[in-house]
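Colleague: I am attaching a structure below and will ask some questions about it afterwards.
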Amino acid sequence: MKALIFAAAGLLLLLPTFCQSGMENDTNNLAKPTLPIKTFRGAPPNSFEEFPFSALEGWTGATITVKIKCPEESASHLHVKNATMGYLTSSLSTKLIPAIYLLVFVVGVPANAVTLWMLFFRTRSICTTVFYTNLAIADFLFCVTLPFKIAYHLNGNNWVFGEVLCRATTVIFYGNMYCSILLLACISINRYLAIVHPFTYRGLPKHTYALVTCGLVWATVFLYMLPFFILKQEYYLVQPDITTCHDVHNTCESSSPFQLYYFISLAFFGFLIPFVLIIYCYAAIIRTLNAYDHRWLWYVKASLLILVIFTICFAPSNIILIIHHANYYYNNTDGLYFIYLIALCLGSLNSCLDPFLYFLMSKTRNHSTAYLTK
């Protein structure tokens, strides 16, 4: 189990380097980034789509495809398909999604602020407190950036805050998800060691272990989020007359296979491996506690709340992430991206649910279980 945890952490730290080296080694275009984020497709005004001559009536020659012609200079003004315009102007994008973000903001900001206050002033310095503090900080940072996302959607998906803030908001938006996932996995591993291997756990330098682990989580997430901050995120759409943030990319940007590897590795190491670890940890915890004392079942129910939050908030978006980018890479279509945006909106609920997880655990802690959270 320990070897698996260390191997997963090592791969998490090394994979961003591989992705970055893939971006640097593309010889087709050394002046531009080679890892465009696959959102809705947008084409510059003076480009045209591929067209097979075999589609012409009466054509009897060989099948020839005219490749897309792109301008040599980088374009900030793009055209999008009617389906994309329909989503960007729909009630789903301009009313429902901002309404959910508003709910997360209204509940999440005070809830995480109170959680941080309790962790700093009402709770002793213990291992789990370090993890919960970092989780609350990540959620609070996410919640305070939501007003920009809310204004963006209410304004018809028109971004008015500039490129730098667009990139920063995107980094925090995605970074919170994977930071929360990794921290919830760390909390699960901590409980697994405390309950299943109590003697080993008591001999660990728990406070140092928690601080180092949280530092590695933040560093790993930061490295993985670098492409979102390096690449251009803001594009002006000619037809709807709006400026999008992250939702549209230029199809004429140079591309490489590393874009697919990057997002698959992001979902695999940022979601699947932590998910498997959480299932393993809680299965072992339930088996251990149930074997000794059925009165522990109330604690098991509280612990399973992490698994519920994990499954509802993070599973849909990461599963759709893999399918969307595989579909985009092999079929060059972006039809699943709007479903991915809905799943991301659902995932944002995690930021207002995490504080209640801490409140629940603080209420259920007593003298007989205190050693589990030290």
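Note that Cβ sites are derived from N, Cα and C of the backbone, with glycine treated the same way.
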Colleague: Per the topological domains given in Swiss-Prot, are Phe121 and Gln259 together on one face of the membrane?
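Modeller: Judging by the topology that Swiss-Prot records, the two residues are on different membrane sides.
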Colleague: So one of Asn25, Asn366 should carry the feature N-linked glycosylation site according to Swiss-Prot; which one?
Modeller: Asn25
Colleague: Just to verify a number: CA distance, Cys166 (disulfide bond) to Asn82 (N-linked glycosylation site), in angstrom, no decimals.
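Modeller: For Cys166 (disulfide bond) versus Asn82 (N-linked glycosylation site), the Cα atoms are 24 Å apart.
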Colleague: Can you break down the topological domain 'Extracellular' (231-260) into helix, strand and coil residue counts using DSSP?
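Modeller: Its residues divide into 3 helix, 11 strand, 16 coil.
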Colleague: Specify the count of other C-beta atoms within 10 Å of the C-beta of Cys245 (disulfide bond).
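Modeller: Around Cys245 (disulfide bond), other Cβ atoms within 10 Å: 23.
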Colleague: Taking DSSP three-state, what's Asn331 (N-linked glycosylation site) in: helix, strand or coil?
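Modeller: The residue in question, Asn331 (N-linked glycosylation site), is helix (DSSP, three-state).
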Colleague: What are the DSSP helix/strand/coil residue counts across the topological domain 'Cytoplasmic' (190-206)?
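Modeller: Per-class counts: 13 helix, 0 strand, 4 coil.
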Colleague: Between Asn331 (N-linked glycosylation site) and Asn82 (N-linked glycosylation site), how far is it from one CA atom to the other, in Å?
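Modeller: The separation of the Cα atoms works out to 19 Å.
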Colleague: Provide, as an integer number of angstrom, the distance between the C-alpha atoms of Cys245 (disulfide bond) and Asn82 (N-linked glycosylation site).
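Modeller: About 18 Å separate the Cα atoms of these two residues.
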